[in-house]
Structure formats: structure tokens, C-alpha cells
Amino acid sequence: MKMKSSSDDEHDEEKGKLLEKSKERGSRNGRVVVKVHNQALLSGLAYCLSSCGMILVNKFVLSSYDFNAGISLMVYQNFISVIIVSVLSLLGLVSTEPLTWRLIKVWFPVNVIFVGMLITSMFSLKYINVAMVTVLKNVTNVITAVGEMYLFSKHHEGRVWAALFLMIISAITGGITDLSFNATGYVWQTLNCFLTASYSLTLRRVMDTAKQYTKSGNLNEFTMVLLNNTLSLPLGIFLMLVFNEVDYLLRTPLLRLPSFWLVMTFSGVLGLAISFTSMWFLHQTGATTYRCGQKFQLWLF
């Protein structure tokens, strides 16, 4: 009879640990799944690509079509996201938690910031070109890093602060050399930077708290996407009425163009992609890394 060596025992122990980790990841959806290596890099890349696509499509809708109802565009995009996730859930392809009243109350504050972030992004794109929007978003990274330091007592290395300093320099330089400078656009983008940083910092904390109010004790990405986009609809419709966009929608001939609806629907699919990948990326990293992921957009543009 062959005796087991100590190396065999260690190998079996390592296999057991790997299996246990895979089961823990799979327990989010109630089943064992295959472990994906380096999810932080994969989720970050997916987030950057979907974010770039969203910026380009929104700029195209708002500028090329001269569509003057940014809030309505946001509402339609979020509605498409809700429809897609709901259908996938009904077909059993994804699992989502029931949207209980207690869960909604916990999530509502971060959803208000989410809606503000989307609306200010729409308005800034109306007045500023895509490249400048991307450069100015670097300010968000610095705000997020400072917020993490004061709110979560998280200390960053000198190299991180050096990189953030260079981002600030690039934003200032870009603003000075911007030949198409528009003060209104810069105000909207500044508001967007603060709201985006607040969203990143608040979301991480709310994600941990919201788990306590779910049926399974977990909160997967699809549930967060469904929760965020569903809650944004009544708030978005209210803002449409406040900014009198309904009257504009009744008068504009764009709603009679099939090509316009095709682009709008495609932007909704991209909205779902960025919602999912942003939640996924934040699950794998911290708020500062999440915001610094948008730095990759500069290279893509």
C-alpha cells in the first residue's frame, strides 16, 4: 500500500482551499461557479470600454441629433436596463433579489446621487467635447482619494498621490488650452465630478449595508442594477416635468425617426453595460481604483 507523502497532503489541502473559495463565490447566486482569475483587471477593462461607448453615444444623441432633453434620454436608458434585467430574471438566466421596501429605503440616498451624476454628465456633454470631459473627469479621482482618506481612514502611497497630482495638472492644462471653452459646460462637469466621487464613496458603504436587507444575505450586480435603475425612473420623470422636457418631447420631430429610436435603444443597452460593469468593478476594488479606471479612457480616445 502506497503511503501519502507530506507534499501530497499539502497539494490536497491547497485543492480544498481553492474549491472552498470557488463555492463561496458561487454562493452569491446559490450555485457553484467557475472561478475567474484576475476579475479586477477584467472588470476594470469592461467598465472602461462601456464607459467610453456611453460617452460617445450620448454625445452623438445630444449634439448630432441636437436632442435637448437629456433627462428624458437618461430615463429611457434606465427603462431599457430595467426591461432587459427583468426579462433575464424571468427567464431564469440571472438571479435578482426581491425589491423590498426596507431595501429601497437603504438604497434611495445613493440612487439620488446616481441620478444627479447621470444628469450632470448629460448636460456637460451638451456643451463640452468628449476629450475635455474625459480629461476633466480626472478631478473626480482626487476628490475620491481625499474622501477615502477622511471617511474610511484609508492611506494611499506617495506614488498614488503623484499620479493624482499629474491628473490635476492635465485637467488644468486641458482647461487652459480648450479653444471651445464654455463656462456652463464646465460648471456642469464640476458638479458631475463631485457627484461621481460621492457616488463611488457612498455606494461601497451602502452595498455592505443593503446585504442585511436581502432574502439571501447577498447583493449581486444584477440586483443592484435593477434597484438603481428602477428607483431612478420616478425621480427622472419628476425632473422631466420640472425642466419642462415633456413639452419639448411633444413638439420635436426626432421621435418620428426610426434611426433616432435605434440609437436611443442602443444607448440603453450601453447604459445597462456600464451599470453592471461599474458595480462589478467596485466589488473587486476600492473607490479610488474604481475612479482611476476611467483614466484608461484617455488612451482610448
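Going from the start of the chain as shown, residues are counted 1 onward.
Glycine too: its Cβ is placed from the backbone N, Cα and C atoms.
Annotated features, as they stand in TrEMBL:
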- 1-24: region 'Disordered' (REGION)
- 40-62: transmembrane segment (TRANSMEM)
- 41-293: domain 'Sugar phosphate transporter' (DOMAIN)
- 74-94: transmembrane segment (TRANSMEM)
- 106-125: transmembrane segment (TRANSMEM)
- 160-177: transmembrane segment (TRANSMEM)
- 183-201: transmembrane segment (TRANSMEM)
- 222-241: transmembrane segment (TRANSMEM)
- 261-282: transmembrane segment (TRANSMEM)
Across the domain 'Sugar phosphate transporter' (41-293), average pLDDT on the 0 to 100 scale: 81
Within-chain partners of the transmembrane segment (106-125) [C-beta distance under 8 Å, separation at least 6 from its ends]: 55, 58-59, 62-63, 70-71, 73-74, 133, 185-186, 188-189, 191-192, 195-196, 198-199, 202-203, 206, 209-210, 213, 227-228, 231-232, 235-236, 239
